[in-house]
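Here the structure comes first, spelled out in structure tokens, and everything after it is commentary.
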Amino acid sequence: MNASDASMTVIGAGSYGTALAITLARNGHRVVLWGHNPAHIQALQAARCNQAFLPDVPFPDSLQLETNLGQALAASRNVLVVVPSHVFGDVLRQLKPHLRADARIVWATKGLEAETGRLLQDVAREALGETIPLAVVSGPTFAKELAAGMPTAIALASTDREFADDLQRLLHCGKSFRVYSNPDFIGVQLGGAVKNVIAIGAGMSDGIGFGANARTALITRGLAEMTRLGTALGADPTTFMGMAGLGDLVLTCTDNQSRNRRFGMMLGQGMDVQSAQDSIGQVVEGYRNTKEVLALAQRYGVEMPITEQLWQVLYCGKDAREAALSLLGRTRKDETAKL
């Protein structure tokens, strides 16, 4: 493959980054995949699959592995960043000196900036400047199913109409992968952060043994919290009824492929936070997101009782069952008031 003819460079060779790279390559595009660990990239190249996360999915011939960041970024103007949210800013700053003059950045990272709770668009602007086109993809996607070619749908939002159209064309596959465009850049970002938090709560409820009624109540009221916060930030509330909101929320709250849900289940069964994280063995985005989302809600004066109780469990040692009872014992409310 020539150095500058790739349709996309993917930054991040974990399960989701690899799955997206495979999907793009399967669509007939030339793709470069880079990861921060050269030994890992060399292992992917030798096996022509991601044996750690997706061992049963071979790489298409048009998927190239690259250990050199400069060469990876020279290969395409389109750069897809798929890294944990707590390193998102650091990775963008690492990329900046190597980006092409015509570069465009899209991310599939879900979450907020660690400590500050800022939206990733603000982190990207600070790291990359005001002129580079930005985009985000988000929605109900488990890496294993996406990589296997199972039917999947996501949402896409961008600051640049041409970039959005190009991304939709690159990603969309009529056989398995449907990409919906959405003009709500804020809402598509926020949904992916809040759903991580609520998924921990849903898992915790199931771990305690509360059953389907309680899980459904948590999903429904979690969606209300997501919508309230999004509206306060200027998002379109209808976004949260779509793929980046309700879609992703239902997926992560109900299926054990979700690390956030499994983490919550372990807490509900009595495991401590550190042991549960160690048992998962991968990043549990919702753990950090809980603190970040709550800080953002407090900054905007938005009531988020589920998020607050989860913060009490994760960071203050509150018992999971006691947190659930605190929610049930709250003052009576009108369901649709300030939804």
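All residue numbers here begin at 1 and follow the chain in the order shown.
Yeah, the Cβs are placed from backbone N, Cα and C, and that goes for glycine too.
Note that the structure is a prediction, hence the values are computed from the model and not measured.
Summarising the annotation, Swiss-Prot assigns NADPH binding site to S15, Y16, H36, K110, A143, R259, V283, E285. According to DSSP, H36 (NADPH binding site) sits in a coil region rather than a helix or strand. Using a 10 Å Cβ-Cβ cutoff, H36 (NADPH binding site) registers 15 neighbours.
Among the features that Swiss-Prot reports, sn-glycerol 3-phosphate binding site is placed at K110, G139, T141, K195, D248, S258, R259, N260. Close to K110 (NADPH binding site) in the fold, though at least 6 residues off in sequence, lie S85, S138, G192, A193, K195, N196, D248, E285, each with a CB less than 8 Å from its CB.
Marked as active site, proton acceptor by Swiss-Prot: K195.
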Intrachain C-beta neighbours of S15 (NADPH binding site), sequence separation six or more, cut-off 8 angstroms: N50, F53, L54, A143, K144, Q282
For sn-glycerol 3-phosphate, whose listed binding residues are K110, G139, T141, K195, D248, S258, R259, N260, the greatest C-alpha pairwise distance in Å: 16
Position of peak Cβ density within 10 Å, selected from the binding-site residues A143, V283: A143
Nearest recorded site to Y16 (NADPH binding site) by CA-CA distance, among binding-site residues G139, T141, S258, N260: T141
R259 (NADPH binding site) and G139 (sn-glycerol 3-phosphate binding site), distance between Cα atoms, whole Å: 16
In three-state DSSP terms, the structure that K110 (NADPH binding site) belongs to: coil
